[in-house]
């Protein structure tokens, strides 16, 4: 994260600063295909994908977007080959350790959401350290969904609310959307305005099911390691051409 891209460093003139999404979420798909197309092992695609994520984070910060959430590892991803899963866990840990100083310098506030207790202990420690060290930063809010599943999150919310009702701390008649929000992993974070999915797949893959209720969805055939500022520019331009009605006329 030490060299800023010179291309599109500032907001492109055809984008309206006042109509930018304040929160962008991204499903980073296509790392394996990118590597396969080049005769490389899948893990090389994941390594290049890290660079794309770092560049997107900096781009959001440069262009005035307040929050970025990335789908790094789903609850279903444990079903991938063991070698790939172990590599990803090591990669997450190594990147966190390497980039923490830079995130502090750039005022990034990082947060991890998901079932973090199932991750390797050493990775849990790095996650806890990064969140603790950046918790008072006031710049872009960077959320990383790790061992995350939207259905699992909703089950977690139901269990938490049930315990509160059972203990007499919560009246069932008072349960509304606001109560549910308090028990989400993403509590306190605004809902995404724009979801970007790379690689052309037309599904949301169990990502932020509650939070995506009114998000605009943009799908690009670009594979994640190739997703750059120009590709992000196209996504934002498409977003600004839409009229968000939130269920109204």
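In case you wondered, yes, glycine gets a Cβ from its N, Cα and C as well.
Record features (Swiss-Prot):
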{"type": "ACT_SITE", "residues": "29", "note": "active site"}
{"type": "ACT_SITE", "residues": "77", "note": "active site, proton acceptor"}
{"type": "BINDING", "residues": "29, 216", "note": "Mg(2+) binding site"}
{"type": "BINDING", "residues": "30-34, 42, 46, 74-76, 78, 80, 197, 203-205", "note": "substrate binding site"}
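Shown on the structure are the features that Swiss-Prot records.
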| residue | record | Cβ within 10 Å |
| --- | --- | --- |
| 29 | active site | 23 |
| 30 | substrate binding site | 25 |
| 34 | substrate binding site | 24 |
| 46 | substrate binding site | 22 |
| 75 | substrate binding site | 19 |
| 77 | active site, proton acceptor | 17 |
| 78 | substrate binding site | 11 |
| 197 | substrate binding site | 24 |
| 204 | substrate binding site | 17 |
| 216 | Mg(2+) binding site | 17 |
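Taking Cβ-Cβ distances under 8 Å and a sequence gap of 6 or more within the same chain, the neighbours of residue 32 (substrate binding site) are 42, 45.
With respect to their backbone Cα atoms, residue 216 (Mg(2+) binding site) and residue 34 (substrate binding site) stand 26 Å from each other. Across the fold, the C-alpha of residue 197 (substrate binding site) and the C-alpha of residue 29 (active site) stand 7 Å from each other. Reduced to three states, the DSSP call for residue 204 (substrate binding site) is coil. Put simply, residue 29 (active site) is 15 Å from residue 75 (substrate binding site) when counted between their Cα atoms.
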